[in-house]
Amino acid sequence: MMRIALFLATNFAVMIVLGIILSVTGIAGNSTGGILIMSVLFGFAGSLISLFMSKTMALKSVGAEIITEPRNNAERWLVETVKRQSQQAGIPMPDVAIYHSADVNAFATGATKSNSLVAVSTGLLNTMTEDEAEAVVAHEVAHIANGDMVTMTLLQGVLNTFVIFLSRMIATAVSSSRNDDGEETQSSGTYFLVSMVLEILFGVLATIIAMWFSRYREFRADAGSAQLVGKEKMIAALQRLQRVHDPEELPGSLNAMMINGKAKEFFMSHPPLEKRIEALRNL
């Protein structure tokens with residue numbers, strides 16, 4: 001959840017800034033070709049910046065420390081576990097970090113498999129059994145082995161491109177008119193307003209698609225963990241999470257918007273725990 005939230009937040013912020021620049025300056029012009037080229041460039045810029053900043057941002061956001069020399073048995077176990085599992089998965093050893101938090105959480109991030117990170121909270125190490133923690137770490141290693149951050153970046157880049165392109169094509173059509181001399185003119189104020197509103201609306205639809213893909217990745221990472229440590233350990237870890245907290249709970253802002261019930265699942269980066277457990281049992 002942490003890596004997805006950071007990725008999408010950064011991507012969205014960059015998209016908004018670049019979108020305003022495009023609208024105010026009119027860089028893309030009115031031609032379909034010009035709008036398409038700028039949509040691709042700016043669409044992928046947001047996701048690529050998010051990708052290459054992901055590791056640094058994740059570390060700073062939770063105050064995590066990369067373990068260079070284990071200071072206790074817990075850190076030693078964590079480093080050895082990540083090393084063993086990364087060898088099993090056939091990927092370079094990721095950086096291993098730990099951060100102080102009561103939350104039972106872990107995440108993996110990084111631009112490439114050779115420049116990746118696995119971070120675990122002290123709350124997870126203190127709450128879960130060794131087998132359960134091992135399964136969670138394997139889940140994060142599987143994310144790296146599957147190249148999930150890169151695939152999410154490519155998907156987000158494509159979605160961004162469509163959001164920018166469609167919003168500006170529609171805005172161009174809505175804001176264009178002909179004067180008394182038959183010359184085509186465009187209202188810059190209308191263009192800016194329409195393009196920004198459409199970008200937000202299309203952005204919501206793009207988020208739903210991105211979250212669907214994120215949930216699919218979680219099922220794959222669960223299966224990857226099962227291959228590394230056995231599905232019973234992963235099931236036990238998910239059952240522990242069920243007892244500890246409700247990972248399906250959404251931020252209050254979404255509840256305030258009356259996004260609840262079945263609709264909530266469209267905006268969740270992770271599938272409901274019961275569905276993940278059922279999928280593991282069916283392996």
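Residue positions begin at 1 at the first shown residue.
Glycine residues also receive a Cβ, built from the backbone N, Cα and C atoms like all the rest.
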Matching residue for the Zn(2+) site, where Swiss-Prot names His139, His143 - out of Glu218, Glu232, Glu265, Glu274:
Glu218
Which residues of the same chain, at least 6 positions away in sequence, have a Cβ lying under 8 Å from the Cβ of Glu140 (active site)?
Ala106, Phe107, Ala108, Val118, Ala221
Identify, in sequence order, the residues in the chain of His139 (Zn(2+) binding site) that are 6 or more apart from it along the sequence and have a CB within less than 8 Å of its CB; answer 'none' if there are none.
Ala106, Ala221, Asp222, Gly224, Ser225, Met234, Ala237
Can you give me the residues near the recorded Zn(2+) site, meaning same chain, not His139, His143, Glu218 themselves, Cβ no more than 8 Å from the center of the site's Cβ atoms?
Ala108, Glu140, Ala142, Asp148, Arg217, Arg220, Ala221, Asp222, Gly224, Ser225
Give the helix, strand or coil assignment DSSP yields for Glu218 (Zn(2+) binding site).
helix
